[in-house]
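Asker: Sharing a structure, written as structure tokens. Questions coming.
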């Protein structure tokens, strides 16, 4: 049930419980203070009465056998103006000499000195002081002891009634404080959560068409600055993702439109009139080229989808990267010669990885480098390895890429020149595939571009054999 309570209800409940806990502690301290106050007051009063009784005994005792009945009457008369007090005078063996017989004997040996006791009897609270009293020598006869026990007893019911009234009053006051605390807690919670409700109302204005809206930080409580910044950062990421999705949808439509239009145009032209077998064969070849381009693009997109789902089947083996790069340079040499670009490999290293996938990643970077390298320039493939990492750098001279575009170079169909620019080569998925392959091997793919060169760096962890 607690999980279904609103935040206002929880804060109100916590506020009320805190107030009640504080009030309960104050009430306990108050009751304890009252009880201790009355206890000290009663003890002082009893000690005073004991001094009075001993003084009366000393002055009222006659020579020889004392008259306890006359002495008891005088003692009660002396205590009559001091509240509800009782008196007992007994022998050390407990035989009553004077006073009331309604009270039990002391529970503690009083021969050592005055003893203060408290007890309850028949629903009434009592407090007493007991002390020995040595009789004057002239009163000591064979039938009388040398010492008697004096006990002054005080009925504390009035004090207890007062404390009980205080307890009852505090109990009723506690109920009132509980209701007031709940009300004040609810009002304080509502007022404190008002900025949160305002932010919730503003957040409803954020829609798929209005992802540029942000929650204002100014005027919000300090405690909400963190959540507001986190929410705005999330909106930034969502807006960027939606923008990429929109761009991706437009790009894929653009990329698919070219081969599909080619298929339609070639077919329409072929069917517009009766043609020779040679013309039909040429039209079929053109359709086949467009269909192969579509198939290649679809396969590349499926590859990326599998990589995102972690479904790539990697068959690792120990590879000599120098040999692999030399093999690729030999393969791309005709294309490089056609563009009047030189290819060079520097360094060597070994790597544990999937041969076909790594060749595909390096091929994509090499194709991209050859495409954007000016004539009579050189593309360098630098291979380096140490105990911690293995790197493969593909660098080429050319126009620098602005730093703000570096993170997006690995997006699908993104081109630094313009995503809509018609390109006769490539589908715009090469860098995305290269990054997916490097990531699947536990590595990273980064780019750095300046006036001297543009360098793509593949970094793999070493020591995986």
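Note that Cβ sites are derived from N, Cα and C of the backbone, with glycine treated the same way.
Reproduced below are the annotations present in TrEMBL:
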TRANSMEM  12-31  transmembrane segment
TRANSMEM  170-188  transmembrane segment
DOMAIN    190-243  domain 'HAMP'
DOMAIN    251-464  domain 'Histidine kinase'
Asker: Quick test of the contact rule: Cβ under 8 Å, at least six residues beyond the ends. What residues does that give for the transmembrane segment (170-188)?
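Answerer: For the transmembrane segment (170-188), the far contacts come to 8-9, 11-16, 19-20, 23-24, 27, 30-31.
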Asker: Mind looking up the mean pLDDT for the domain 'HAMP' (190-243) in the predicted model?
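Answerer: Residues in the domain 'HAMP' (190-243) carry a mean pLDDT of 80 in this prediction.
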Asker: Could you tell me what the rest of the chain brings near the transmembrane segment (12-31), counting residues at least six beyond its ends with Cβ under 8 Å?
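Answerer: Same-chain contacts beyond the flanks: 5, 163, 166-167, 170, 174, 177-178, 181-182, 184-186, 188-189.
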